[in-house]
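A.B. asks: Structure below; questions to follow.
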Amino acid sequence: MSFMAAAKVFACPFVFVALFSMVASDPDLLQDLCVANKAAGIKVNGFPCKDEANVTEADFFFSGLANPGVINNSVGSVATGANVEKIPGLNTLGVALARIDYAPGGLNPPHTHPRATEIIFVLDGELDVGFITTSNKLISKSVKKGDVFVFPRGLVHFQKNNGDKSASVMAGFNSQLPGTQSIAATLFTSTPAVPDNVLTKTFQIGTKEVDKIKNKLAPKKT
């Protein structure tokens with residue numbers, strides 16, 4: 001093999017890694033900052049930039065993660081996001097945070113983040129956490145205060161507080177707006193609704209069971 005041929009073979013893996021890194025998370029920014037102008041009324045992949053003359057420190061600040069969120073649902077957990085919708089200055093920066101609080105026995109039900117990998121740091125309590133690979137393998141572990149666990153982008157994952165005390169985690173994402181799809185809510189509470197014959201065949205249950213699940217998962221009327 002000639003030197004040039006060998007160099008090409010050697011370079012291929014590095015080219016692939018470079019190309020993959022370009023699409024593995026949000027696009028790189030092309031300026032110092034691009035504070036989201038959510039009032040612009042323009043649809044783009046992200047948000048248009050606010051005039052820099054109108055940018056203030058408030059565009060980069062959020063205090064909403066300091067205290068536990070109020071849990072008022074049947075699953076016993078609540079997530080408080082610190083993404084571009086709360087912090088306009090995150091636009092184009094490719095990062096976000098969330099705080100997740102769990103009542104004793106509380107569950108963050110199986111869900112996915114289609115645009116981001118998630119990494120959690122346990123603030124308090126003990127949790128059973130896990131994700132499921134595309135080969136249907138469960139990767140799970142019990143974690144406690146001070147521990148870190150990672151959920152790869154797009155894979156179904158969950159966290160369950162199996163202790164008798166409240167628990168909390170701080171979660172980081174490599175996207176300004178990771179998105180969340182809860183598996184059960186997505187299938188049983190979508191608008192328009194997923195046809196019953198799809199759900200009955202998928203889960204091998206009857207229409208009565210489908211109706212019961214829909215009623216239990218339906219958003220509470222205020």
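Cβ coordinates come from backbone N, Cα and C, glycine included.
What TrEMBL says about a protein is an automatic prediction, not a curated fact.
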A.B. asks: Of the candidates Cys12, Cys49, which does TrEMBL name as forming a disulfide with Cys34?
C.D. replies: Cys49
A.B. asks: Could you list the residues of the same chain, at least six apart in sequence, whose Cβ is under 8 A from the Cβ of His113 (oxalate binding site)?
C.D. replies: Phe151, Arg153, Gly154, Phe173, Ser175, Pro178, Gly179, Thr180, Gln181
A.B. asks: Measuring Cα to Cα, how many Å separate Cys49 (disulfide bond) from Asn108 (oxalate binding site)?
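C.D. replies: Rounded to the nearest whole number, the Cα-Cα distance is 34 Å.
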A.B. asks: Of the binding-site residues Asn108, His111, Glu118, His157, which one sits closest to Cys34 (disulfide bond) when you measure Cα to Cα?
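C.D. replies: Closest by Cα distance to Cys34 (disulfide bond) among the binding-site residues Asn108, His111, Glu118, His157: Glu118.
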A.B. asks: C-alpha of Asn108 (oxalate binding site) to C-alpha of His157 (Mn(2+) binding site): distance in Å?
C.D. replies: 9
A.B. asks: Give me the sequence-ordered set of same-chain residues, not including His111, His113, Glu118, His157, with a C-beta within 8 angstroms of the centroid of the Mn(2+) site's C-beta atoms.
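C.D. replies: Sorted by sequence, the hits are Thr112, Phe131, Phe151, Leu155, Val156, Pro178, Thr180.
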A.B. asks: Quick one: Cα separation, His111 (Mn(2+) binding site) versus Glu118 (oxalate binding site), in Å?
C.D. replies: 12
